[in-house]
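So that you can see what the record holds, here are the features copied from TrEMBL:
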type: DOMAIN; residues: 26-260; note: domain 'NADP-dependent oxidoreductase'
type: ACT_SITE; residues: Tyr52; note: active site, proton donor
type: SITE; residues: Lys77; note: site 'Lowers pKa of active site Tyr'
type: BINDING; residues: His110; note: substrate binding site
Amino acid sequence: MQNQQLMTSLSNGVQMPLLGLGVYDMYKQEAEQAVLWALETGYRLIDTASMYRNEAEIGNAVRQSGINRNDLFITTKVNNTDQGYEKTLKAFDVSLQKLNLDYVDLYLVHWPIKFTRKFTWKALERLYHEGRIKAIGVANYLIPFLEELQIEATEIPMVNQVEFSPYLYLEDLLNYCKERKIQLQAYSPLVRGQRMSDPKLLSMAEKYKKTPAQIILRWALQLGVSTIPKSSNLDRLKENFDVFDFEISEQDMAYINSFNENLRIVEDPMELY
Ligand SMILES: NC(=O)c1ccc[n+]([C@@H]2O[C@H](COP(=O)([O-])OP(=O)(O)OC[C@H]3O[C@@H](n4cnc5c(N)ncnc54)[C@H](OP(=O)(O)O)[C@@H]3O)[C@@H](O)[C@H]2O)c1
């Protein structure tokens, strides 16, 4: 795993970097600067959402970077209030306009909203078939939501972005997705900093001469899980990308799996909506 652009092949053949930058909770100028730094550092996947209100700044940074659009992987998501068939089609146009790009690489249903999610998925399928999105997926879809979606879907989601960390190790979901070639992507992978001083994690950091964040990110990559840590700090952006020069042993991977405490930062999708 030496390649700085470790890629995964989605079920439709589209190549996606496994490690990317999340831009939630970054305000306008902060987001633009962070994305510029990230692209200079080597990141090629940027994860935004209509809800984050920074799509325009992400698009600005992409253009300013001068990097070939084909070498970048830009994700955005349909907002909860925009779900439903017609509303999603419109919301996609608005996102694309704000990003000021010709296409997005990955468009996600942000949350499995009860009465509208089925229609939202139909809209994503249409946009995908029209060639306006390279890949489509979902976020916060635990197994029951994926099971329901497959009843009527003509496309199986290529990506499922969920909260996932050593402290929320969703092994059943990971296996379920692997069996169906749905790429799992970890959000809030760093537990928003809340477990950085866990002695178990610190012992791993000391052993591998890496930081706690690097251990967590490397663990996800070795599981084959894409991961999108957020940072708007240049040093931490670099730190989070510097995870390709070491390998966690099988035994230590199992040890890190055992950190699980079902800790959620974001609401449980089974309980909300
Ligand atoms: N689909 C969804 O429903 C959903 C929900 C939540 C998040 N997401 C996506 O996932 C991305 C990441 O999740 P997140 O933003 O919730 O949380 P996160 O990446 O787990 O944590 C971000 C926090 O950790 C800090 N941090 C970053 N690198 C660090 C390091 N090396 N050492 C110590 N602290 C560090 C950041 O501060 P600094 O910025 O100051 O470095 C920030 O406060 C989001 O930005 C978003 O794109 C999606």
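Backbone N, Cα and C define each Cβ position, glycine as well.
Note that this is a predicted model, so its numbers are computed, not measured.
Overlay of TrEMBL annotations on the structure.
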residue	record	Cβ neighbours (10 Å)
Tyr52	active site, proton donor	20
Lys77	site 'Lowers pKa of active site Tyr'	25
His110	substrate binding site	21
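Spacing of Lys77 (site 'Lowers pKa of active site Tyr') relative to Tyr52 (active site, proton donor) is 9 Å (Cα to Cα, whole number).
In the three-state DSSP assignment, the secondary structure recorded for Lys77 (site 'Lowers pKa of active site Tyr') is strand. Cα to Cα, Tyr52 (active site, proton donor) and the residue listed as 'substrate binding site' are separated by 11 Å.
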